[in-house]
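Here is what Swiss-Prot records for this protein:
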- 24-44: transmembrane segment (TRANSMEM)
- 50-70: transmembrane segment (TRANSMEM)
- 91-111: transmembrane segment (TRANSMEM)
- 180-200: transmembrane segment (TRANSMEM)
- 245-265: transmembrane segment (TRANSMEM)
- 269-289: transmembrane segment (TRANSMEM)
- 295-315: transmembrane segment (TRANSMEM)
- 328-348: transmembrane segment (TRANSMEM)
Amino acid sequence: MTEPANNHPSPPPQNWLFKWWNSLNAITRLLVLVLGAPLMVLNARALSSIFGYFESLFVISLIASVIAFLLNYPVAWLEKQGAKRFVAASFVFLTALIIFTALGVTLIPLALSQAQQLVARLPDWLDSGQKQLVLLDQKAEILGWPVNFDGLIPQINSRLAAELQNLAGSTLNLALSLTVFTVVRLLDVLLTIILTFYLLLHTDDVWQSIIGWLPERFQKPFSDTLRRSFQNYFLGQLVSATCMALGLISGFLLLKVPFGLLFGLTVGVMALIPFGGSVGIVLVTFLVALRDIGMALQLLAVALVIQQIVENGIAPRVLGSVTGLNPFWVLISLLTGARIGGLLGVIVAVPSAVMIKEALGAIRSMKPLVPAPDHNQDPLYFKNQEEVQPLPPRP
């Protein structure tokens, strides 16, 4: 018997959420949006209050998780070479602890010393910047350029003096905060170290206990998406920031830029955050321009060349695409993370946005079980059935 021909194109499968939304009329959709928006705001407010109450616990857990996540890659490589998990985790953890301790003992005191010297010399740099503006105004007047800095110089003078006072106060507060941190928050540091080592030993067990709360069909996609998002972002930013700091420190020292170590480390640390490297370069260029505009232009040229080499040459070759997000959404996620969680929110904002993007894409492409077609509601089916002639009976 010939099967009936179906001329209707099969509709693309839809997720149950989209099917439910399409089944609503316009008034119901409006009511859902009107009632859902306040609930989302209340939930966000409640989550913010909970986060504020358990902020210390969340910060310790998140920092330990990120460090353990990054250290897990050399541990996994050592396991593939035949080492046991405990031996590999202990070796990697102790090596990382020694490296961080060495950096903290050598580079951080030098950077803090240069920061104190910079604050002490800023008034002299401010006077030098004013003199350079006066000379620039005189040259513009000689050349006949329609530029007048007479009214601008006093405004810049007062504004920079106010910013200098704020910077000095911020430096003093930072020093006091670091002192209080070393005395009061020592327990948090110890807890972070212990939790990092524990997570490094039992990464798979802890992770399986977390994703075990999800439905079984969501566990592997969620795990792969989260690992890929955080891996690409944190490793990408870490490689870029390290290369940026090393390159800038070397370039600044060759140019004999004052406080080259401090400026290179500052830009490198700021490069851990998207767009932070560019902001750091502009800030350092402005500070050096107060002392010498010619040196500032050389510094800017070297910094831009190193930044382009790192961002467009080294990082893509090592890790490929880092986020896959449009720069606009990267900026929005950073602002949102800063508003919700401060510095901690900025750190996890971009990988969280990447994970949300991947999750939404997975939901849209999800193929639910499509029920069998109901031929009772298809008039073309009966028409095709009438056109089909039955075969004659066998003799």
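The backbone N, Cα and C atoms fix where each Cβ goes, glycine too.
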May I ask which of the stretches 50-70, 245-265, 269-289, 295-315, 328-348 has the most CB pairs under 8 A with the transmembrane segment (91-111)? 245-265
For the transmembrane segment (50-70), the candidate among 24-44, 245-265, 269-289, 295-315, 328-348 having the most Cβ pairs under 8 Å is 328-348
